[in-house]
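Engineer: Quick one: the structure is below, and I'll ask about it shortly.
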Amino acid sequence: MGLCTSSIQEVALHSVNCSIDRAIELERAERENEIKLLLLGAGETGKSTILKQFRLIYGTGFTDQERISFRTAIIVNICQSIKTLLLAMDTLEIPFGFDPALYPHDTQIEDEEETLVRKQRRQQLCLMYCHLLRFRSIVFSSHSSIEVVRPSHYCAYKNAIEAIAAIDIGVGFLDEVDESVIGAIKTIWKDPGIQYCFKRANEFQLNDTCQYYLNDCDRFFASDYTPSDDDILNVRIMTLKVSETKVKVKDKVYKIFDVGGQRIERKKWAALFDDVIAIILSSH
């Protein structure tokens, strides 16, 4: 009986060893076909966009659940962009309703050649500044108490600013936005002053896809909206952790590691350089 038991145990042990050997051999073969890539670069240089393009071209694309999560990110992008523009309006002292065509630069005209029409337009602009710059202090505070009598046709701007200021896009934000807020965003975006501010986006930090989303608000806020591939490529999400993506090209599997580009995230890069075949460096 002892010999039989020993024989059975040896067979079982041999079977286990064979399974382990096969697993090791399979893993070795897989590693031989794997190419490790690092996606590096400073923040906001398009690293995550490159990774998404890899997935769309060579991978399986995005699941329905992932597209739902991108919907929330898109709504956040829209809200962030309009808030950023309002803050820039305040910083750059650009009034609502401002039309640069009515305000020629001083370098383009000489005082002695300035016509009466231009003088009248400049006077109208000054009046507009007097009325509209009073709104600056409520751009990001819905609790402001400005006791100033304002022209009735500026009430739409005031209400829109207060609605946007009340948007909380912190942790737990849902993509369900009230119709009044959607209307406020559209009102502000159509304003010529905001459009002029947008043209000066090189003077402040603004998502480069701001116009893409704000030009088509109704589609993105629709209850049945599902992000398209282009919508996903345009969304901006800060990378805060190391992500690994696998894509297969012919008989090779590429493992692409994306890490945050902000300075505080760069200490995570060092541990990823082992066995790296190539580095994709993204820059402005």
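The chain as shown is numbered from 1 upward.
Note that Cβ sites are derived from N, Cα and C of the backbone, with glycine treated the same way.
As annotated by TrEMBL, GTP binding site applies to 44-49, 233-239, 258-262. Annotation comment: TrEMBL describes SER48, THR239 as Mg(2+) binding site.
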Engineer: For GLY260 (GTP binding site) and SER48 (Mg(2+) binding site), determine the Cα separation and express it in whole Å.
Structural biologist: 9
Engineer: What is the one among the binding-site residues LYS47, ARG236 whose Cβ has the most other Cβ atoms less than or equal to 10 Å away?
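Structural biologist: Of the binding-site residues LYS47, ARG236, the most buried by Cβ count within 10 Å is LYS47.
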Engineer: Just counting, how many other CB atoms are there within 10 A of the CB of GLU44 (GTP binding site)?
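Structural biologist: Result for GLU44 (GTP binding site): 16 other Cβ atoms within 10 Å.
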Engineer: Three-state secondary structure of GLU44 (GTP binding site) from DSSP?
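Structural biologist: Looking at the DSSP assignment, GLU44 (GTP binding site) belongs to neither helix nor strand, so coil.
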